[in-house]
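The transmembrane segment annotation in TrEMBL covers 32-49, 75-95, 102-123, 161-182, 194-216, 329-349, 355-375, 387-410, 422-443. Residues or ranges marked as domain 'Major facilitator superfamily (MFS) profile' by TrEMBL: 36-447.
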Amino acid sequence: MAEKAITAKDAELSPSECTDDKAAERRLVRKLDIRIIPILWILYLVNFLDRANIGNAKIAGMEKDLHLTGQRFNIAAWVFNLGYLVAGVPLTIVFKRYGPKSLCVMMVAWGITVVGCGLAKTWGQLVVTRLLEGMAESAFISGCAYLIGAYYTTDEYLSRYVFFFTAGIIAGAINGFVSALLAKMDGVGGYAAWRWIFIMEGILTIVIATLAYPLIVPFPEHATFLPAAQKSLLLSRTKHSGHDPNDTMTPAKALSCLSNWRIWAGVLMYLGVTESANSISNFQPTILRGLGYTSTQAQIHTVPVYVTGATVSIIICVLSERLKKRYPFYILGCAILATGLAVLVAYPRDPKTRYLGMFFMAAGCYSAMPIAIIWTTLNTGQGYERAFTLGMILNFGTAGAFISSNVFLLRETPKFRTGFSTGLGLAFVAVTAATCIFVASWWENRKRDERTRNGRGGEGGEDRNCHPEFRYAL
């Protein structure tokens with residue numbers, strides 16, 4: 001439905017009834033915040049540790065042991081995202097079909113593949129295990145995003161998602177410490193330090209997934225953890241928020257999503273900033289070593305960058321939600337990102353200035369990514385359409401990782417001008433896509449307002465986007 005619609009029933013409520021309803025809603029939302037977000041936050045933290053550990057394994061000896069000469073490391077990094085691209089949308093549909101607990105099954109599967117990375121004897125084996133890891137992980141974030149959207153209204157969705165999203169950023173901050181700690185196991189059992197990074201983090205993933213299985217909430221219609229009155233209130237307030245328990249997946253819906261230009265524009269919005277995010281997670285330790293830091297110093301210096309990115313991301317996304325303005329805050333994130341990239345492309349002599357550029361880079365991309373996902377999702381359909389949309393954005397958007405893995409060239413260390421210049425160009429593409437969505441949505445909303453004023457609203461059919469009261473989020 002529209003971002004804010006007042007029904008006749010709302011208009012008839014007395015002030016005391018409205019107050020009671022608001023108090024009940026606040027109690028419900030607090031319970032949901034405690035029951036849903038923390039467990040998903042922990043799972044995403046583990047997810048990101050597993051995804052980003054290849055960068056730390058590289059500087060802990062993997063590059064030498066597996067003879068990762070030339071572009072071999074880059075291939076091992078981007079093949080993970082090939083798994084995302086291949087399996088992401090189908091597995092997101094599987095998640096919608098079988099429910100949220102399938103997230104834990106995915107975790108066990110990718111935990112096994114992470115252990116496999118630690119046992120790899122050759123570069124080829126590493127590539128295969130990374131591909132399988134990407135496939136197993138591919139529907140995790142889109143599944144979590146769908147689950148959050150199923151429990152919260154459109155005016156609550158972005159702030160909850162960004163808090164969930166910060167788990168990945170914080171994981172980046174602590175990943176270096178975790179890897180440094182595990183690297184102390186060098187030689188234990190005859191395994192090198194980098195192998196223990198993979199093996200122990202993979203085992204941790206399997207253990208946490210097993211413990212989390214009974215704690216993952218089901219979809220709202222099966223929310224047995226809520227009393228009957230609160231469950232009824234939940235279903236009432238989220239009726240039009242995006243989850244549809246009675247929906248079925250059809251080829252027509254899949255074709256509708258694949259032919260929806262707004263979704264593809266959302267993919268470009270996400271791709272344009274996620275390229276820089278992937279370069280931070282995969283190449284930041286190497287970039288910092290190129291600035292003259294030792295391996296340990298490089299790991300430590302990644303922490304403030306990630307913490308700043310998380311803080312700025314929360315501030316920008318919460319403001320975006322409260323003001324109900326997505327476009328200007330997305331543009332703000334891209335502008336901050338572009339500032340950081342421009343500094344790094346210019347490559348000033350002072351290492352501190354180059355280090356400052358990474359702060360801007362992280363703050364910008366981590367602010368824009370959640371807005372790109374949620375803004376696009378708010379403007380699409382419900383049920384399987386929303387699941388399909390999330391799968392498309394998060395998995396086709398990972399083409400940014402393909403790009404970052406191939407434009408940060410070893411021979412350009414430490415300047416990486418090709419990598420940073422590419423990021424700057426993609427940020428411009430993202431801004432262009434966002435502007436197209438904003439202008440088209442503003443124009444469509446204006447036409448709908450005009451039809452409503454003239455009494456020509458119409459019925460709208462089953463598609464909520466065709467409903468006369470629906471307005472695109474701006």
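Just so you know, glycine gets a Cβ as well, placed from its N, Cα and C.
In summary, the transmembrane segment (194-216) lies against the transmembrane segment (102-123): three or more C-beta pairs, each 6 or more positions apart in sequence, are under 8 Å.
Summed and averaged per residue, pLDDT over the domain 'Major facilitator superfamily (MFS) profile' (36-447) gives 88. Sequence-distant contacts of the transmembrane segment (355-375) (same chain, six or more residues past either end, CB-CB distance under 8 Å): 145, 149, 157-158, 161-162, 165, 169, 266, 269-270, 273-274, 276-277, 280, 284, 287-288, 291, 301, 304-306, 308-310, 312-313, 316-317, 320, 326-327, 329-330, 332-344, 390, 393-394, 397, 423, 427, 430, 434, 437, 473. Between the transmembrane segment (75-95) and the transmembrane segment (102-123), three or more CB pairs separated by 6 or more residues in sequence fall under 8 Å, so the two stretches touch. Scored on C-beta pairs under 8 angstroms, the neighbour of the transmembrane segment (422-443) with the top count among 32-49, 102-123, 161-182, 387-410 is 387-410.
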